[in-house]
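> Found this in TrEMBL, in case it helps:
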type   : residues : note
DOMAIN : 39-111   : domain 'ACT'
DOMAIN : 140-217  : domain 'ACT'
DOMAIN : 380-459  : domain 'ACT'
REGION : 451-475  : region 'Disordered'
(Lines of atoms letter the chains of each structure in order from A and count residues from 1; the text may use other names and numbers.)
(Lines give C-alpha, C1' and ligand atoms only; values in the text may rest on other atoms or scores of the structure.)
Protein backbone atom coordinates (compact mmCIF):
# COMPACT_ATOMS: atom_id res chain seq x y z
CA UNK A 1 0.00 0.00 0.00
CA UNK A 2 1.47 3.31 -1.07
CA UNK A 3 1.77 5.98 1.60
CA UNK A 4 0.49 9.38 0.59
CA UNK A 5 1.70 12.58 2.26
CA UNK A 6 0.53 16.14 1.92
CA UNK A 7 1.18 19.33 3.84
CA UNK A 8 -1.04 20.17 6.77
CA UNK A 9 -2.92 23.48 6.69
CA UNK A 10 -4.14 24.85 9.98
CA UNK A 11 -7.78 25.97 9.46
CA UNK A 12 -7.06 28.97 11.71
CA UNK A 13 -4.06 30.08 9.66
CA UNK A 14 -5.95 32.99 8.11
CA UNK A 15 -6.58 34.38 11.61
CA UNK A 16 -3.03 33.81 12.83
CA UNK A 17 -2.06 37.49 12.64
CA UNK A 18 -5.10 38.52 14.62
CA UNK A 19 -4.45 35.85 17.28
CA UNK A 20 -0.85 37.01 17.67
CA UNK A 21 -1.19 40.78 17.38
CA UNK A 22 -4.83 41.25 18.31
CA UNK A 23 -7.76 42.41 16.15
CA UNK A 24 -7.00 44.55 13.09
CA UNK A 25 -8.87 47.49 14.64
CA UNK A 26 -8.89 48.39 18.33
CA UNK A 27 -10.84 51.29 19.80
CA UNK A 28 -10.18 52.65 23.28
CA UNK A 29 -12.39 55.11 25.14
CA UNK A 30 -10.66 57.01 27.97
CA UNK A 31 -12.75 59.15 30.32
CA UNK A 32 -10.14 59.47 33.08
CA UNK A 33 -7.09 61.14 31.54
CA UNK A 34 -8.64 64.54 30.76
CA UNK A 35 -11.20 66.30 32.92
CA UNK A 36 -13.39 68.07 30.36
CA UNK A 37 -13.42 65.70 27.36
CA UNK A 38 -13.36 62.06 26.32
CA UNK A 39 -10.34 60.58 24.54
CA UNK A 40 -11.03 58.19 21.66
CA UNK A 41 -8.02 56.17 20.49
CA UNK A 42 -8.06 54.10 17.30
CA UNK A 43 -5.28 51.65 16.43
CA UNK A 44 -5.70 49.74 13.20
CA UNK A 45 -4.06 48.40 10.11
CA UNK A 46 -3.73 51.33 7.75
CA UNK A 47 -6.07 51.50 4.77
CA UNK A 48 -6.68 54.33 2.31
CA UNK A 49 -9.73 56.32 3.43
CA UNK A 50 -9.83 54.93 6.97
CA UNK A 51 -9.27 58.34 8.57
CA UNK A 52 -12.25 59.79 6.72
CA UNK A 53 -14.43 56.86 7.81
CA UNK A 54 -13.53 57.37 11.48
CA UNK A 55 -14.09 61.14 11.33
CA UNK A 56 -17.36 60.54 9.48
CA UNK A 57 -18.62 58.24 12.25
CA UNK A 58 -17.78 60.77 14.97
CA UNK A 59 -19.38 63.53 12.88
CA UNK A 60 -22.57 61.55 12.37
CA UNK A 61 -22.90 61.26 16.15
CA UNK A 62 -22.76 65.08 16.46
CA UNK A 63 -19.56 64.89 18.50
CA UNK A 64 -17.34 67.96 18.79
CA UNK A 65 -13.67 67.25 18.03
CA UNK A 66 -11.53 69.70 20.02
CA UNK A 67 -8.14 68.11 19.41
CA UNK A 68 -6.75 65.29 17.31
CA UNK A 69 -3.41 63.65 16.53
CA UNK A 70 -3.10 61.32 13.54
CA UNK A 71 -0.26 59.12 12.37
CA UNK A 72 -0.57 56.58 9.58
CA UNK A 73 2.95 56.41 8.16
CA UNK A 74 3.72 52.80 7.29
CA UNK A 75 1.24 49.97 7.73
CA UNK A 76 -0.37 51.07 10.97
CA UNK A 77 -2.96 53.74 11.73
CA UNK A 78 -2.90 55.45 15.14
CA UNK A 79 -5.33 58.22 15.92
CA UNK A 80 -6.34 60.15 19.05
CA UNK A 81 -9.46 62.32 19.24
CA UNK A 82 -10.52 64.58 22.10
CA UNK A 83 -14.30 64.77 21.80
CA UNK A 84 -17.35 66.18 23.56
CA UNK A 85 -21.03 65.65 22.99
CA UNK A 86 -23.20 68.27 21.29
CA UNK A 87 -23.76 69.97 24.67
CA UNK A 88 -20.02 70.27 25.37
CA UNK A 89 -19.84 67.48 27.95
CA UNK A 90 -17.83 64.27 28.26
CA UNK A 91 -19.29 61.04 26.92
CA UNK A 92 -20.74 59.18 29.89
CA UNK A 93 -23.57 57.24 28.26
CA UNK A 94 -22.45 53.62 27.94
CA UNK A 95 -24.63 53.09 24.87
CA UNK A 96 -22.87 55.99 23.08
CA UNK A 97 -19.44 54.63 23.99
CA UNK A 98 -20.36 51.13 22.83
CA UNK A 99 -21.79 52.57 19.60
CA UNK A 100 -18.48 54.31 18.83
CA UNK A 101 -16.53 51.09 19.37
CA UNK A 102 -18.95 49.01 17.33
CA UNK A 103 -19.30 51.53 14.49
CA UNK A 104 -15.59 52.06 13.94
CA UNK A 105 -14.88 48.32 14.11
CA UNK A 106 -17.80 47.51 11.81
CA UNK A 107 -16.82 50.25 9.38
CA UNK A 108 -13.28 48.87 9.24
CA UNK A 109 -14.46 45.33 8.44
CA UNK A 110 -17.10 46.47 5.94
CA UNK A 111 -14.56 48.73 4.25
CA UNK A 112 -12.22 45.77 3.73
CA UNK A 113 -15.05 43.65 2.31
CA UNK A 114 -16.31 46.41 0.00
CA UNK A 115 -12.86 47.28 -1.30
CA UNK A 116 -12.11 43.60 -1.98
CA UNK A 117 -15.40 43.28 -3.89
CA UNK A 118 -14.69 46.44 -5.88
CA UNK A 119 -11.20 45.18 -6.72
CA UNK A 120 -12.70 41.99 -8.16
CA UNK A 121 -15.73 43.47 -9.90
CA UNK A 122 -14.62 46.97 -10.89
CA UNK A 123 -10.95 46.81 -11.74
CA UNK A 124 -11.23 49.76 -14.09
CA UNK A 125 -13.32 51.95 -11.78
CA UNK A 126 -11.13 54.54 -10.05
CA UNK A 127 -13.93 56.80 -8.81
CA UNK A 128 -13.80 57.86 -5.18
CA UNK A 129 -17.43 58.93 -5.24
CA UNK A 130 -19.38 57.67 -2.20
CA UNK A 131 -22.75 56.25 -3.20
CA UNK A 132 -25.92 57.76 -1.82
CA UNK A 133 -28.49 55.70 0.05
CA UNK A 134 -31.69 55.19 -1.87
CA UNK A 135 -33.58 53.07 0.72
CA UNK A 136 -35.67 51.65 -2.14
CA UNK A 137 -38.44 54.15 -1.32
CA UNK A 138 -37.46 57.15 -3.43
CA UNK A 139 -35.23 58.32 -6.25
CA UNK A 140 -32.21 60.55 -5.62
CA UNK A 141 -31.67 63.39 -8.09
CA UNK A 142 -28.51 65.54 -8.21
CA UNK A 143 -28.35 69.05 -9.65
CA UNK A 144 -25.51 71.53 -10.16
CA UNK A 145 -25.33 74.82 -11.99
CA UNK A 146 -25.06 78.58 -11.74
CA UNK A 147 -27.08 80.01 -8.86
CA UNK A 148 -29.39 82.99 -9.14
CA UNK A 149 -32.06 84.57 -6.91
CA UNK A 150 -35.22 82.46 -6.88
CA UNK A 151 -33.64 79.31 -8.33
CA UNK A 152 -34.64 77.16 -5.33
CA UNK A 153 -38.24 78.23 -5.82
CA UNK A 154 -38.12 77.35 -9.51
CA UNK A 155 -36.63 73.92 -8.80
CA UNK A 156 -39.29 73.00 -6.26
CA UNK A 157 -42.01 74.36 -8.56
CA UNK A 158 -40.64 72.14 -11.33
CA UNK A 159 -40.86 69.09 -9.06
CA UNK A 160 -44.50 69.94 -8.32
CA UNK A 161 -45.26 70.33 -12.05
CA UNK A 162 -43.60 66.97 -12.70
CA UNK A 163 -45.81 65.28 -10.06
CA UNK A 164 -42.81 64.54 -7.84
CA UNK A 165 -43.14 64.64 -4.07
CA UNK A 166 -39.93 65.87 -2.43
CA UNK A 167 -39.33 63.75 0.68
CA UNK A 168 -35.89 65.08 1.48
CA UNK A 169 -33.57 67.66 -0.04
CA UNK A 170 -30.24 69.27 0.76
CA UNK A 171 -28.82 72.22 -1.16
CA UNK A 172 -25.80 74.50 -0.87
CA UNK A 173 -25.05 77.75 -2.65
CA UNK A 174 -21.58 79.32 -2.73
CA UNK A 175 -19.87 81.81 -5.06
CA UNK A 176 -22.88 81.85 -7.43
CA UNK A 177 -22.81 78.04 -7.78
CA UNK A 178 -25.52 75.64 -6.68
CA UNK A 179 -25.47 71.97 -5.67
CA UNK A 180 -28.65 70.14 -4.68
CA UNK A 181 -29.58 66.55 -3.87
CA UNK A 182 -33.31 65.76 -3.72
CA UNK A 183 -35.05 62.50 -2.83
CA UNK A 184 -38.39 62.26 -4.61
CA UNK A 185 -41.24 59.82 -5.18
CA UNK A 186 -44.29 59.73 -7.42
CA UNK A 187 -47.01 61.91 -5.91
CA UNK A 188 -49.76 59.39 -6.76
CA UNK A 189 -48.21 56.02 -5.92
CA UNK A 190 -45.64 57.28 -3.36
CA UNK A 191 -43.22 54.83 -4.99
CA UNK A 192 -39.75 55.50 -6.39
CA UNK A 193 -39.59 56.69 -9.99
CA UNK A 194 -37.88 53.98 -12.02
CA UNK A 195 -39.29 54.53 -15.51
CA UNK A 196 -36.26 55.51 -17.66
CA UNK A 197 -38.32 57.73 -19.97
CA UNK A 198 -39.87 59.62 -17.07
CA UNK A 199 -36.50 60.03 -15.37
CA UNK A 200 -35.09 61.41 -18.63
CA UNK A 201 -38.01 63.83 -18.84
CA UNK A 202 -37.42 65.01 -15.26
CA UNK A 203 -33.72 65.52 -15.93
CA UNK A 204 -34.43 67.45 -19.11
CA UNK A 205 -37.00 69.69 -17.40
CA UNK A 206 -34.75 70.46 -14.44
CA UNK A 207 -31.78 71.11 -16.75
CA UNK A 208 -33.86 73.69 -18.62
CA UNK A 209 -34.79 75.40 -15.34
CA UNK A 210 -31.22 75.54 -14.07
CA UNK A 211 -29.79 76.73 -17.40
CA UNK A 212 -32.22 79.69 -17.53
CA UNK A 213 -29.53 82.06 -16.34
CA UNK A 214 -28.09 85.31 -17.61
CA UNK A 215 -24.64 83.72 -17.70
CA UNK A 216 -24.06 82.57 -21.32
CA UNK A 217 -20.68 81.05 -20.48
CA UNK A 218 -22.05 78.68 -17.87
CA UNK A 219 -21.69 75.11 -19.09
CA UNK A 220 -21.47 73.35 -15.74
CA UNK A 221 -25.16 72.48 -15.40
CA UNK A 222 -25.74 68.85 -14.53
CA UNK A 223 -28.84 66.90 -13.52
CA UNK A 224 -28.72 63.18 -12.86
CA UNK A 225 -30.25 60.48 -10.67
CA UNK A 226 -28.67 57.87 -8.46
CA UNK A 227 -29.59 54.22 -8.43
CA UNK A 228 -29.83 52.15 -5.26
CA UNK A 229 -26.20 51.58 -4.29
CA UNK A 230 -26.58 50.80 -0.60
CA UNK A 231 -24.45 47.67 -0.95
CA UNK A 232 -21.43 49.87 -1.57
CA UNK A 233 -22.05 52.28 1.28
CA UNK A 234 -18.73 52.70 3.02
CA UNK A 235 -19.74 53.76 6.51
CA UNK A 236 -22.58 51.41 7.30
CA UNK A 237 -26.24 51.71 6.45
CA UNK A 238 -28.83 53.74 8.28
CA UNK A 239 -30.05 57.27 8.62
CA UNK A 240 -27.33 58.25 11.07
CA UNK A 241 -24.62 57.64 8.49
CA UNK A 242 -26.46 59.04 5.51
CA UNK A 243 -26.10 62.66 6.53
CA UNK A 244 -22.33 62.97 6.19
CA UNK A 245 -22.36 60.98 2.94
CA UNK A 246 -24.84 63.44 1.48
CA UNK A 247 -22.66 66.29 2.71
CA UNK A 248 -19.59 64.72 1.19
CA UNK A 249 -21.44 64.38 -2.11
CA UNK A 250 -22.45 68.06 -1.91
CA UNK A 251 -18.78 68.93 -1.44
CA UNK A 252 -17.95 66.92 -4.56
CA UNK A 253 -20.72 68.54 -6.59
CA UNK A 254 -19.61 72.03 -5.56
CA UNK A 255 -16.04 71.10 -6.46
CA UNK A 256 -17.21 69.90 -9.87
CA UNK A 257 -18.72 73.33 -10.67
CA UNK A 258 -15.56 75.06 -9.41
CA UNK A 259 -17.13 77.10 -6.65
CA UNK A 260 -13.59 77.87 -5.50
CA UNK A 261 -13.25 80.25 -8.46
CA UNK A 262 -14.45 83.83 -8.62
CA UNK A 263 -18.01 84.10 -10.01
CA UNK A 264 -18.15 84.84 -13.72
CA UNK A 265 -19.92 88.07 -14.57
CA UNK A 266 -20.89 88.97 -18.12
CA UNK A 267 -21.89 92.44 -19.27
CA UNK A 268 -25.60 91.88 -18.60
CA UNK A 269 -25.42 89.47 -15.68
CA UNK A 270 -26.98 91.68 -13.02
CA UNK A 271 -27.68 88.88 -10.56
CA UNK A 272 -24.18 87.49 -11.02
CA UNK A 273 -22.77 90.99 -10.60
CA UNK A 274 -24.39 91.02 -7.16
CA UNK A 275 -22.81 87.62 -6.45
CA UNK A 276 -19.42 88.91 -7.56
CA UNK A 277 -19.68 91.98 -5.32
CA UNK A 278 -20.65 89.69 -2.47
CA UNK A 279 -17.67 87.46 -3.31
CA UNK A 280 -15.32 90.46 -3.14
CA UNK A 281 -16.86 91.55 0.16
CA UNK A 282 -16.40 88.06 1.62
CA UNK A 283 -12.82 87.99 0.34
CA UNK A 284 -12.06 91.17 2.28
CA UNK A 285 -13.58 89.69 5.46
CA UNK A 286 -12.06 86.22 4.93
CA UNK A 287 -10.95 84.54 8.15
CA UNK A 288 -9.74 81.25 6.64
CA UNK A 289 -6.02 81.15 5.85
CA UNK A 290 -4.49 78.12 4.11
CA UNK A 291 -0.77 77.76 3.42
CA UNK A 292 1.34 74.95 1.96
CA UNK A 293 4.99 74.15 2.57
CA UNK A 294 7.23 71.19 1.86
CA UNK A 295 9.06 68.76 4.11
CA UNK A 296 11.95 67.90 1.82
CA UNK A 297 13.44 65.32 4.18
CA UNK A 298 10.37 63.07 4.19
CA UNK A 299 8.80 64.10 0.90
CA UNK A 300 5.62 65.52 2.42
CA UNK A 301 3.66 68.65 1.64
CA UNK A 302 2.52 70.40 4.82
CA UNK A 303 -0.92 71.99 4.65
CA UNK A 304 -1.82 74.36 7.49
CA UNK A 305 -5.32 75.78 7.95
CA UNK A 306 -6.24 78.60 10.34
CA UNK A 307 -9.95 79.39 10.57
CA UNK A 308 -12.87 80.04 12.85
CA UNK A 309 -13.82 76.90 14.72
CA UNK A 310 -17.16 75.25 14.05
CA UNK A 311 -18.71 71.81 13.99
CA UNK A 312 -17.80 69.44 11.14
CA UNK A 313 -14.72 71.49 10.32
CA UNK A 314 -12.37 68.50 10.34
CA UNK A 315 -14.78 66.44 8.24
CA UNK A 316 -15.02 69.16 5.59
CA UNK A 317 -11.24 69.48 5.35
CA UNK A 318 -10.40 65.78 5.27
CA UNK A 319 -13.10 64.77 2.77
CA UNK A 320 -11.90 67.51 0.41
CA UNK A 321 -8.30 66.30 0.57
CA UNK A 322 -9.38 62.68 0.07
CA UNK A 323 -11.65 63.54 -2.86
CA UNK A 324 -8.78 65.46 -4.46
CA UNK A 325 -6.83 62.19 -4.20
CA UNK A 326 -4.35 63.14 -1.50
CA UNK A 327 -3.21 60.74 1.22
CA UNK A 328 -2.93 62.06 4.78
CA UNK A 329 0.04 60.55 6.66
CA UNK A 330 0.14 62.75 9.74
CA UNK A 331 -2.20 65.42 11.05
CA UNK A 332 -2.94 67.55 14.08
CA UNK A 333 -5.95 69.63 15.00
CA UNK A 334 -6.54 71.85 18.01
CA UNK A 335 -9.23 74.33 18.91
CA UNK A 336 -9.60 76.93 21.64
CA UNK A 337 -13.33 77.31 21.08
CA UNK A 338 -13.18 80.35 18.80
CA UNK A 339 -10.33 79.54 16.40
CA UNK A 340 -9.03 76.26 15.04
CA UNK A 341 -5.62 75.19 13.71
CA UNK A 342 -5.20 72.19 11.40
CA UNK A 343 -1.98 70.74 10.01
CA UNK A 344 -1.77 67.90 7.48
CA UNK A 345 1.25 66.07 6.07
CA UNK A 346 0.12 64.82 2.67
CA UNK A 347 1.22 63.33 -0.62
CA UNK A 348 -0.67 62.78 -3.81
CA UNK A 349 -2.07 59.27 -4.20
CA UNK A 350 0.76 58.52 -6.65
CA UNK A 351 3.32 59.26 -3.92
CA UNK A 352 4.53 62.70 -4.96
CA UNK A 353 4.38 65.93 -3.02
CA UNK A 354 2.85 69.19 -4.28
CA UNK A 355 5.69 70.55 -6.36
CA UNK A 356 4.10 73.15 -8.62
CA UNK A 357 2.70 76.51 -7.58
CA UNK A 358 -0.41 75.87 -9.67
CA UNK A 359 -1.23 72.69 -7.76
CA UNK A 360 -0.63 74.38 -4.42
CA UNK A 361 -2.87 77.29 -5.36
CA UNK A 362 -5.66 74.93 -6.40
CA UNK A 363 -5.49 73.00 -3.10
CA UNK A 364 -5.55 76.27 -1.14
CA UNK A 365 -8.59 77.56 -3.01
CA UNK A 366 -10.44 74.25 -2.72
CA UNK A 367 -9.85 74.00 1.04
CA UNK A 368 -10.94 77.60 1.58
CA UNK A 369 -14.12 76.92 -0.39
CA UNK A 370 -14.78 73.68 1.51
CA UNK A 371 -14.62 75.51 4.82
CA UNK A 372 -16.55 78.60 3.74
CA UNK A 373 -19.36 77.00 1.71
CA UNK A 374 -21.03 75.53 4.80
CA UNK A 375 -21.06 78.88 6.62
CA UNK A 376 -24.20 80.87 5.82
CA UNK A 377 -24.40 84.58 6.56
CA UNK A 378 -28.13 84.96 6.81
CA UNK A 379 -31.22 84.19 8.83
CA UNK A 380 -32.28 80.62 9.46
CA UNK A 381 -35.98 79.85 9.15
CA UNK A 382 -37.16 76.53 10.57
CA UNK A 383 -40.64 75.55 9.42
CA UNK A 384 -42.79 72.59 10.40
CA UNK A 385 -46.02 71.83 8.55
CA UNK A 386 -48.26 69.02 7.35
CA UNK A 387 -46.55 67.57 4.31
CA UNK A 388 -48.19 67.78 0.92
CA UNK A 389 -47.17 68.01 -2.71
CA UNK A 390 -46.19 71.58 -3.62
CA UNK A 391 -45.55 72.79 -0.06
CA UNK A 392 -41.91 73.64 -0.74
CA UNK A 393 -42.83 75.36 -3.98
CA UNK A 394 -45.34 77.59 -2.17
CA UNK A 395 -42.99 78.51 0.67
CA UNK A 396 -39.98 79.30 -1.51
CA UNK A 397 -42.12 81.28 -3.98
CA UNK A 398 -43.44 83.50 -1.19
CA UNK A 399 -39.90 84.07 0.09
CA UNK A 400 -38.76 85.03 -3.41
CA UNK A 401 -41.69 87.36 -4.03
CA UNK A 402 -40.88 89.23 -0.83
CA UNK A 403 -37.23 89.84 -1.63
CA UNK A 404 -35.61 86.90 0.18
CA UNK A 405 -33.26 84.45 -1.53
CA UNK A 406 -32.46 80.97 -0.19
CA UNK A 407 -28.73 80.23 0.11
CA UNK A 408 -29.02 76.85 1.81
CA UNK A 409 -31.84 74.37 2.37
CA UNK A 410 -32.35 71.21 4.41
CA UNK A 411 -35.71 69.50 3.98
CA UNK A 412 -36.81 66.32 5.71
CA UNK A 413 -40.07 64.40 6.02
CA UNK A 414 -41.02 62.59 9.21
CA UNK A 415 -44.30 60.77 8.84
CA UNK A 416 -46.82 63.37 7.71
CA UNK A 417 -44.72 66.30 8.91
CA UNK A 418 -42.37 68.31 6.72
CA UNK A 419 -39.41 69.80 8.60
CA UNK A 420 -37.71 72.55 6.62
CA UNK A 421 -34.70 74.72 7.38
CA UNK A 422 -33.95 77.59 5.00
CA UNK A 423 -31.08 80.04 5.27
CA UNK A 424 -32.22 83.25 3.63
CA UNK A 425 -30.68 86.60 2.71
CA UNK A 426 -32.03 89.80 1.27
CA UNK A 427 -32.04 89.48 -2.51
CA UNK A 428 -30.18 92.80 -2.89
CA UNK A 429 -27.44 91.74 -0.50
CA UNK A 430 -28.56 93.98 2.37
CA UNK A 431 -28.92 92.72 5.90
CA UNK A 432 -32.38 91.36 6.68
CA UNK A 433 -34.50 93.47 9.00
CA UNK A 434 -35.09 91.20 11.99
CA UNK A 435 -38.13 93.21 13.06
CA UNK A 436 -39.71 92.33 9.73
CA UNK A 437 -38.88 88.64 10.23
CA UNK A 438 -40.37 88.71 13.71
CA UNK A 439 -43.59 90.20 12.35
CA UNK A 440 -43.71 87.35 9.83
CA UNK A 441 -43.26 84.82 12.61
CA UNK A 442 -46.18 86.21 14.61
CA UNK A 443 -48.52 86.27 11.62
CA UNK A 444 -47.67 82.83 10.24
CA UNK A 445 -50.39 80.67 11.80
CA UNK A 446 -50.73 77.59 9.54
CA UNK A 447 -47.16 76.45 10.10
CA UNK A 448 -44.78 76.57 13.00
CA UNK A 449 -41.92 78.96 12.27
CA UNK A 450 -38.78 79.44 14.35
CA UNK A 451 -36.36 82.22 13.46
CA UNK A 452 -32.66 81.92 14.22
CA UNK A 453 -29.84 84.31 13.53
CA UNK A 454 -27.42 82.75 11.07
CA UNK A 455 -24.35 84.11 12.87
CA UNK A 456 -25.22 82.97 16.39
CA UNK A 457 -27.79 80.19 15.73
CA UNK A 458 -29.87 81.37 18.63
CA UNK A 459 -33.54 82.17 18.74
CA UNK A 460 -34.12 85.81 18.00
CA UNK A 461 -37.44 86.09 19.82
CA UNK A 462 -37.27 89.47 21.60
CA UNK A 463 -37.64 89.46 25.40
CA UNK A 464 -40.95 90.41 26.96
CA UNK A 465 -39.53 93.69 28.23
CA UNK A 466 -38.40 94.86 24.81
CA UNK A 467 -40.38 97.37 22.84
CA UNK A 468 -42.79 96.11 20.24
CA UNK A 469 -41.29 96.07 16.73
CA UNK A 470 -42.36 98.83 14.39
CA UNK A 471 -44.39 97.60 11.41
CA UNK A 472 -42.82 97.54 7.96
CA UNK A 473 -45.63 98.54 5.58
CA UNK A 474 -43.86 97.48 2.40
CA UNK A 475 -43.16 93.95 3.65
CA UNK A 476 -45.85 93.26 6.21
CA UNK A 477 -47.83 91.16 3.73
CA UNK A 478 -45.47 88.15 3.78
CA UNK A 479 -47.21 86.38 6.64
CA UNK A 480 -50.66 87.06 5.19
CA UNK A 481 -49.61 85.81 1.76
CA UNK A 482 -48.05 82.62 3.07
CA UNK A 483 -50.96 81.92 5.43
CA UNK A 484 -53.59 82.48 2.75
CA UNK A 485 -51.78 80.37 0.16
CA UNK A 486 -51.27 77.46 2.54
CA UNK A 487 -54.88 77.61 3.74
CA UNK A 488 -56.13 77.77 0.15
CA UNK A 489 -54.06 74.78 -0.91
CA UNK A 490 -54.65 72.75 2.24
CA UNK A 491 -57.85 71.35 0.71
CA UNK A 492 -55.63 69.50 -1.75
CA UNK A 493 -53.51 67.99 1.03
CA UNK A 494 -51.91 64.69 0.06
CA UNK A 495 -50.26 62.89 2.99
CA UNK A 496 -46.88 61.22 2.48
CA UNK A 497 -46.75 57.56 3.32
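Backbone N, Cα and C atoms are what each Cβ position is placed from, and that goes for glycine too.
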> Kindly report the helix/strand/coil residue split of the domain 'ACT' (140-217) according to DSSP, in that order.
27 helix, 28 strand, 23 coil
> DSSP says what for the domain 'ACT' (39-111): how many helix, strand, coil residues?
29 helix, 24 strand, 20 coil
> Please compute the mean pLDDT of the model over the domain 'ACT' (39-111).
87
